Amino acid sequence: MLKKIKKYNLLVMLLVLIIIFGIINPAFLQPSNLLNILTQNSIIGIVSLGMTIVIIIGGIDLSVGSIVAFCGLVLALLLTLNIPLIAALLITVVVGSFFGLINGVLIKKGKIPAFIVTLGLMSAIRGGGLLFSNSKSISIGGSELNSILNTKLFGVSFSALIFIVLSIGLWYLLKKTYWGKYIYAIGGNEKAARFNGIQVSKYSIIVYVISGLMCGIASILLVGSLNSAQPQAGQLYELTAIAAVVIGGASLAGGKGSIFGTFVGVLILGVIQNGLSILNVPSYYQYILVGFIIIVSVLIDKNYNTK
Amino acid sequence: MVKSTDTILNIKNVSKNYDTNQVLDNVSMSFSKGEIVSLYGPNGAGKSTLVKIICGEENADSGEVMLNDNITNFKSYSDALAAGISYVPQEGGLMENLTVLENLAICLKNNLKIKNFNKKAIRSLIAEKHYFESLASLLDVNVVLISAYEQQLATIFKALMMDSEIFIFDESTTNLNPTDFVKFKEILIDLKKGGKAIIFISHKLDEVFDISDTVTILKEGKVISSNKIQEITKLEILNLFKSKLEVDLHKETNNLTPLCEIQILKAELNQSEFYLSKGEVLCIDSNDTVFKYQMGYSIYEELNKVKGLKVGLIPALRDSEGIFPNLSVEDNLLLNVINQSKFRKSTKKDEALNNIVTELKLKFENWRQNILELSGGNRQKVILGRWMLTDFDVLVLIEPTAGIDIESKTIIHNLILKLRKDGKSFVLITSDQGEQEMLTTRFVSFKNDFKEVC
C-alpha cells in the first residue's frame with residue numbers, strides 16, 4: 001500500500017506542476033506543448049535510463065555527458081565520410097558501449113571506486129573529443145537522419161518514441177526478468193549476492209555497458225536534431241540525469257530505484273524547465289526550483305520509508 | 001514480580017504496535033541494582049523492542065519507563081547513555097573504517113566529556129581494564145579486518161567502559177566461545193558486585209541459567225512468567241515453548257558414497273585435505289573461531305570449483321551477508337532459482353513456495369513484504385529456504401542458528417536431518433555445542449597446527 005502511495009506521490013507532484021503552469025498560462029497545456037516537453041527531454045531521458053540501473057547496483061556514472069559528445073562527433077564524422085547511415089549508427093552505439101565497458105571493467109576488475117573511474121573518463125573522453133574534432137563542431141547538413149527524426153507517429157516525435165520504447169524495454173528487463181532481480185540483489189547486498197553464486201562482476205559490467213549504450217543512442221538523437229555534433233555537448237548531463245533518477249525514488253546507496261520513477265522524474269524536470277521558459281522566468285529561478293524539488297522528493301521518500 | 005528497595009528501572013504497562021502487529025502488550029517489569037535479569041523467549045516475543053524502548057531508540061505507544069522514579073523521555077540512545085544506560089546490540093555498533101582504539105576514543109569522548117583526550121590517555125585508561133587483554137594486540141587494527149567474534153568483544157568492552165548504571169546485552173554472546181563466555185560471566189559478576197543492573201538477552205538457555213538471578217519469559221509480547229533462577233528449571237522453560245526434535249538421531253555412517261575431495265591450499269588454513277560423502281554432516285571444528293569461519297568460506301569457494309556440484313552457503317552474519325534488505329520475502333526466497341524457466345510459471349512457483357512455508361513454518365504477512373519486517377529467526381529460515389528451492393548437493397552452514405529462538409532452531413535442525421537422509425551433504429561450522437552433537441556425523445577438528453580426523 002505504502003509503495004503505491006509513493007508511486008502516486010511522484011505522479012501527483014507532476015500533475016500539480018502541470019496544473020499550476022496551466023493555470024498561469026493556458027498555452028502550456030496545449031497538447032503540442034506537452035508533447036514537445038517529451039521530445040525535448042528524450043535525450044536526457046535516455047541517458048537517465050542508463051543512469052538508473054547504474055545507481056540501482058550502487059554505482060554512479062559521471063562520464064555520460066562526455067560519452068554523448070564523443071559519440072556524436074563519431075557519428076557526424078562517419079556521416080560526412082558518406083558511410084551508410086545504418087553502419088554509422090551501429091558504430092556510434094558500439095563506441096558508446098565500449099566506453100561503458102571500460103568503466104565497468106576498471107570499476108569491477110580494477111576495484112577502483114565508480115566515482116573515480118567515471119570522473120576520470122568524463123575528463124579523458126571530453127579531451128579526446130576536443131582533440132579529434134579540433135574543438136570545432138562537425139556539421140552534417142540536411143541529412144537523412146534529420147528527416148527520419150522529424151517524422152511523427154500520431155503526433156509523437158520519433159525521439160520521444162525511442163525514449164518511450166527504451167523505457168518500456170528497460171522496465172521489462174528490470175521488473176520481469178531474473179536479470180533485473182540480480183541487479184537489485186547486487187545493489188542491496190553485494191556480499192550476499194556473491195555468496196549466492198551471482199556473478200557480481202559480470203552483471204555490474206553489463207550495467208555500465210548499457211549506460212554507455214544509452215549514451216550512444218542519445219547522441220544519435222542529439223546530432224540528428226541539431227544537424228551537427230558539438231565537442232562541448234552534453235555538459236552537466238550527469239547531474240541532470242542523477243537528479244531525475246533521485247527524484248524518481250532511487251537511493252544512491254544502491255538497491256532502490258525504478259524506470260517508472262526515473263521516467264516521471266525526467267518529466268518533472270522537463271515540465272519545470274518548459275513551464276518557466278513559457279512564463280519568461282529567468283533561468284536562475286529554474287535552478288533554485290530544481291534544487292528544491294530534488295531535496296523535497298528525497299525527504300518525502302525517506303519519511304515514507306522510516307514510517 | 002520482584003520488587004525491592006533497590007529498584008532502579010521500572011517498566012509500567014508498556015504497549016507497542018507496528019501497524020496491526022502488537023509487539024508488546026501491557027508489559028510491566030522492574031530491574032534492581034546488583035541483579036542480572038535474563039529476558040527469554042522466541043524471536044518476535046518483543047525482547048528487542050522492549051530494550052529499544054528502554055534505550056530511547058523506539059517510542060512506546062502507551063505506558064512508561066521510569067529510571068530512579070523519574071519518567072524517562074529519551075529522544076535517542078545518546079540520551080539514554082547520558083542517563084547511565086549502556087546497550088550492546090547483536091551486530092554492528094562499531095564504525096568499520098576506524099581502528100578499535102579510535103572507536104573506543106570516539107565513544108568515550110562523546111560520553112565521558114573528558115578534555116585533552118588523546119590516544120595515549122585512552123591507552124592508559126584501557127590498560128587499567130583487565131578484560132581488554134584479549135584485544136590488546138588488535139587496538140590499532142581496523143574493525144573491518146577483525147572477526148565477527150572480536151567485533152562482538154570490542155562492542156561489549158566499549159559498553160563496559162561507560163560507567164553506566166544499567167547494562168543491556170542483546171544477543172551479545174552469540175559469537176563467543178565457551179572460554180570467552182566464562183570471562184564474560186566474570187565481568188558481569190564484577191558489575192553486579194558493583195551494584196549495576198544488568199539485562200541479558202540470549203537464546204542459549206545454558207547461558208541464561210549460568211548467569212542470571214532472575215529469568216523473565218516473554219511470549220507474543222506478554223510477560224508470561226518471572227522467576228528467581230532457583231525456582232525454575234530448563235525443562236519447565238522448554239515445555240513452555242513445546243519444542244521437541246521430531247526426527248530421531250540415528251547416526252548411521254556406513255554405506256556412504258564419497259562425493260568429493262576437498263583440498264584447501266591456503267597456507268594460513270594449514271593446506272588441509274579431506275573428503276566429503278553423500279548424506280553426511282561434516283563438522284569442521286577448531287578452538288580458534290576465526291580460523292573455523294575462514295575454513296567455512298574457503299570450503300565453499302573450493303567446492304564451487306568442482307564441476308557439476310551445486311553448493312550453497314549459509315554465512316555467519318545473517319543480515320550483512322545473507323539477506324537482501326531491499327527485496328521482498330518472495331524475491332529473497334526465489335533469488336537462486338529465478339533464472340530457471342520452471343519457476344516462471346506461477347502455479348509451479350506457488351507450489352514450491354508454499355512447500356517451503358509449511359516445511360519451515362515461516363511466519364510472515366504477505367509475499368510482497370520486505371524481508372526486514374521479519375524477525376531474525378524467520379530471516380534465517382528464508383536464507384535456508386532459498387537453498388532448499390535449489391537442488392543443492394552440499395550446503396555449507398556457518399552458525400546456522402546463531403541468535404535465533406528455540407522454536408526456529410528446532411525447525412532448522414529437523415530440516416537438516418531430513419535433508420541429510422535424502423542424501424544431501426552438509427559442512428557444519430558452529431559454536432553451539434548442542435547443535436554440533438545433534439547434527440554431526442563426522443568431525444574434522446583442527447588444534448593449533450595439527451589436523452585430527454575422527
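The backbone N, Cα and C atoms fix where each Cβ goes, glycine too.
Whatever TrEMBL says is automated annotation, not expert-curated.
The transmembrane segment annotation in TrEMBL covers A:53-78 (among others).
Residues or ranges marked as transmembrane segment in TrEMBL: A:85-106 (among others). Using a Cβ-Cβ cut-off under 8 Å and counting only residues 6 or more beyond its ends in the same chain, the transmembrane segment (A:85-106) has close neighbours at 61, 63, 67, 70-71, 74-75, 78-79, 112, 114, 117-118, 121, 125, 144-145, 204-217, 219-220.
Residues annotated as transmembrane segment in TrEMBL: A:112-132 (among others). Outside the transmembrane segment (A:112-132), and at least 6 residues removed from its termini, the chain residues within Cβ reach (under 8 Å) are 54, 59-63, 65-67, 69-70, 73, 77, 99, 102-103, 106, 231, 238.
Per TrEMBL, the feature transmembrane segment maps to A:153-174 (among others).
Per TrEMBL, transmembrane segment is recorded for A:205-227 (among others).
Marked as transmembrane segment by TrEMBL: A:239-272 (among others).
For the transmembrane segment (A:284-300), same-chain residues at least 6 beyond its ends with a Cβ under 8 Å from one of its own Cβ atoms are 9-10, 13, 243, 246-247, 249, 265, 268-269, 272-273, 276. For A:284-300 (among others), the entry in TrEMBL reads transmembrane segment.
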